[in-house]
C-alpha cells in the first residue's frame, strides 16, 4: 500500500541521470518482503480457520457447528471470536498508521521499516506459540502494528530510492508481491492441513521468514535522500543520492528534493489544507476508491476462500486447493495491470472490470441460490467447477483494476502540499473498511446466504457508475500538471478549481513554484 510523504519528479522533458545500482536491487527485495509479509497475513487466516485442529483448540463451538448437520450451511462459521481473529490485524494496522506517519517523517523510512519488522517478528512468535485465544489475538494485533508501519514506510522508501523511469513499476511491484504472499499462504495451508495436530502452528510461524528478511533488510539499507534532507541532513543526503544513483551528477535532483522539502515544511497544517475546496476532488475520489475497493467483496473472498468453499460443500483438500487456484489467478492478473495500466488507461481497466465482476458475482449468486440451501450442499462436480471459475473470473478482474488502481490513482492526483496527508487518509480509510468487511463477512454470509454476492454486485454497479462520471483519466499526465490538464478540464470537478495558478497553503496564497504572492 502506498504511504504518505512527498515525492519529486523531474521538470517536464527532463530526466535525472541515474543508474540501476545495487541499492535499487536491494530495494526491490525490500518491496518483495514487505509485500509478501502483508499478503501472507491476509491469506493465512482463512486457511487456518478452516482447519479442524485450529478450531478445536481456539473455537470449539465453531468446530461443533461445522460438524453438525442441523446448522445452516451458511452459518457454520458465524462466530464473533473467529472474525476478531482475522479483523483485529486491520484495526491494529489502522491505529498504527497514525504513529507510523510520525515516525516515517521524524525518524526516517529505514527506522520505520525496522520497527515494522520487529512488530512482525514478535507477532509471529505469539501466534506460532499461542496457547489460548488471548495470546492468539495479541499476536494478530502485533502483526497489525507491523502492517501499519510497513505499509507506510516501504512504498515511500521505494518511490524515493528508485530512478524516475522505474518508480511506477516498483510501486506496482509491491502490490504484486502482496498477491504472491497470498498465494504462498494458500500453498502453505494446503500442505499444513495434512499435518495433525500442529499444522496450523507451522502456517502461522512461517510468516517469520518474510518478517526476518524485512528486518535484516532495514538494518542494512541506507535511508532515502529525501528523508535525510527533510530532517536537515543535507550533506549526508547528497552523499547517499550520489551512491544510489551511481553518478556524481546529482545536483539537479538534489535541488529538486531540497525545494520539495522546503515547500512541504512550509505547510504546517496539511490536513487543514486537504479540506480546501480545490483539494476536494482528490480527497473525495481517494476516500471513495478505498471504500469501493473493499465493497467489491474481494477481501471477503481472499480472507475466507477456504471457509467459503467449505461452506459450499467442498471437502477440506478441495477447498484449500481451490483457494490456491484463486491465489495464482490473483498473481497472474496483477501482471496484466503492470503491462496495461499505462497503455489502455485507468478508466478503461476499471470499467471493464466492473462488467466482469458484476456478471461473475451474479452467476455465483444464482448457482448458490439454486443448489445450496440451509441444509443441502449438493453442488455436484460440474456446478462446483463453475463456482470456482466464476470466483477466478471475479478475482482476475479485480487484480488488474481495483486492486492496484485503488492505490495508484490517489497517489498520483494529490498536489505536493497535501500529498502526505492525502495518502495517510487513503491508508486509514482502506484499513478501516478492510476491518469492517473482515469483521462482518461471516455474519453477513449467515444472514444473507447466497444474496451476499448480489449485495456486492450491486456495489460494483454503483462504483462503476462513479468511475464513468467522476474519475478522470490520469494516464501519461505528469503529476505537476494534474490541475491544469485533469481537474480544470473535467466536466464536474472543474467547478472546484480556482481558475488560476495559485495554491492555498495554510490560508496563504502561493504560486505553483512555492513563492508567496
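Each residue, glycine too, has its Cβ placed from N, Cα and C.
Curation plays no part in TrEMBL annotations; they are all automatic predictions.
Straight from TrEMBL, the features:
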type     : residues : note
TRANSMEM : 20-40    : transmembrane segment
DOMAIN   : 27-475   : domain 'Major facilitator superfamily (MFS) profile'
TRANSMEM : 111-130  : transmembrane segment
TRANSMEM : 136-158  : transmembrane segment
TRANSMEM : 170-188  : transmembrane segment
TRANSMEM : 200-221  : transmembrane segment
TRANSMEM : 283-307  : transmembrane segment
TRANSMEM : 319-341  : transmembrane segment
TRANSMEM : 348-370  : transmembrane segment
TRANSMEM : 382-403  : transmembrane segment
TRANSMEM : 424-444  : transmembrane segment
TRANSMEM : 450-471  : transmembrane segment
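Pairs of Cβ atoms less than 8 Å apart link the transmembrane segment (319-341) most often to 382-403, out of 348-370, 382-403, 424-444. Of the candidate ranges 111-130, 348-370, 382-403, 111-130 contributes the most Cβ pairs within a distance under 8 Å of the transmembrane segment (200-221). In the predicted model, residues of the domain 'Major facilitator superfamily (MFS) profile' (27-475) average a pLDDT of 84.
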